[in-house]
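Data first, discussion second: the structure below is written as structure tokens.
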């Protein structure tokens, strides 16, 4: 049965009563709104017409509805879709978009095609769907929390600003000029000379590879020479630091630089050895068809070695993805940020961390409650310094270096702050070291028949050794606190994995990671090494 127009209904119908008039008026509004919704759906599903079609159709649309639209209204109102049409029409009358439950908003915008006198009528239903509160457990992770995040930033700035002002009013400015430069720094010239002469070791590795490429020396000799070069490279700065009474900061800087060079030399030697092995065991066609990512195997290039030694990566390959140009303005902005955040780190260390550790006791020898109070008080400034250090090095400095060298792959870190387990954190927070471990330690162990557990233990053991060397050697103490701290990550990996599987909630593992790593681990290491260094100086004096 066709639906007559509103004019025909008004002219041909007898004089209705008040109740029937309200019902017919509401029915007409529902019918017209439902027809408008359906027409909009049909028009949205069709493709856009050409310019000629648009001109032709505009004249037709200005008149009465076509028969297809009338048939559609008949189907919607008189057929099985009457209820759905009325629900959509009710939503339109309320000035809302109709949501069919599939996440797609349908219907008209508020007030489009509906007279103002029909919008938000008292007779229109205000509640039509089952909805959850935004902060309920079923919907909290489906909402955007950008506003709450902004609120946290504002509160964090306000609270810390008040604490900074209160600290300055109570203690004054505690920053010393000697933090940046002191007379003792002039005595660290042997460390500077050691840093400059470390470039001789990559040159030696290049000469070994040249001889191996021309087959002047056998493969066992090549391996032996690379072992000697890499071992000498890491022992040389250790001996220099131990023989010189240098500043701790200078020693740590030299050991970190020497560790980076050692990792690069191992990758350079291992990659060239692997390429020689593949070129001998496979034909070139099989090699490039099975391993297309290997790249060029033609020869050893001094230019590629020099680029690799200064590039922000620890994994050698003959060619790297490159960008097209250097953004000079962007580099200047990042350098300004680097200076600002470096100064912020210095301010926090001098103004907060130094007074706290100087007024503390050894955490393993003093009062337990006093140690807990010092650790908790120290946790916030050490966390700020660690976050600033991460931002300065992994984001600012490595990106500046990559921009200057037009290095393309700039995934120096992932979203480690969302890590559900400690294992995820170690996979995401330092991507250059993670790639190096995967490429040169983990998978070689698996290919040689070791289990995954053994490969992970070897990777953690190597990481713990280098953490201990980089801290213990400049401090001239060997208490193995850093080594124990890294190896303690293994039971934490097991614990956070268990919590993740048991509670099926990412927040539990993430909170556990933040507690052990930031609230407990870092302040404990700072207190332990500070008191051990102070005790060593007292004994030496």
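Note that the numbers count up from 1, one per residue, in the order the chain is shown.
The backbone N, Cα and C atoms fix where each Cβ goes, and this holds for glycine too.
Record features (TrEMBL):
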ACT_SITE  467  active site
COMPBIAS  54-63  compositional bias 'Acidic residues'
COMPBIAS  70-89  compositional bias 'Basic and acidic residues'
COMPBIAS  96-106  compositional bias 'Basic and acidic residues'
REGION    1-106  region 'Disordered'
TRANSMEM  146-165  transmembrane segment
TRANSMEM  189-208  transmembrane segment
TRANSMEM  220-242  transmembrane segment
TRANSMEM  248-266  transmembrane segment
TRANSMEM  335-353  transmembrane segment
TRANSMEM  383-405  transmembrane segment
TRANSMEM  453-474  transmembrane segment
TRANSMEM  480-499  transmembrane segment
TRANSMEM  511-531  transmembrane segment
(message) So if I exclude everything within five residues of the ends of the transmembrane segment (480-499), which remaining residues of that chain have a CB under 8 angstroms from its CBs? That is, six or more out.
(response) 420-423, 426, 456-457, 460-461, 463-465, 467-468, 470-472, 508-509, 512-513, 516, 521, 525, 528-529, 532
(message) Please report, as numbers and ranges, the same-chain residues at least 6 past the borders of the transmembrane segment (248-266) whose CB is under 8 Å from any CB of it.
(response) 185, 188, 191, 194-195, 198, 201-202, 205, 226, 229-230, 233-234, 236-238, 240-241, 308-309, 314, 316, 433, 436, 440, 466, 469-471, 473-475, 533
(message) How about long-range neighbours of the transmembrane segment (511-531): same chain, 6 or more residues beyond its ends, C-beta under 8 Å?
(response) 353, 357, 360-364, 371, 374-376, 378-379, 382-383, 386, 419-422, 425, 471, 475, 477, 479, 481-482, 485, 492, 495-496, 499
(request) State the residues, same chain only, that lie 6 or more residues beyond the ends of the transmembrane segment (189-208) and have a CB under 8 A from a CB inside it; answer 'none' if no residue qualifies. (result) 217, 222, 225-226, 229-230, 232-233, 236-237, 240-241, 243-244, 246, 250-251, 254, 257-258, 261, 264-265, 268-269, 300, 302, 305, 309
(request) Could you list the residues of the same chain, at least six apart in sequence, whose Cβ is under 8 A from the Cβ of residue 467 (active site)? (result) 482, 483, 485, 486
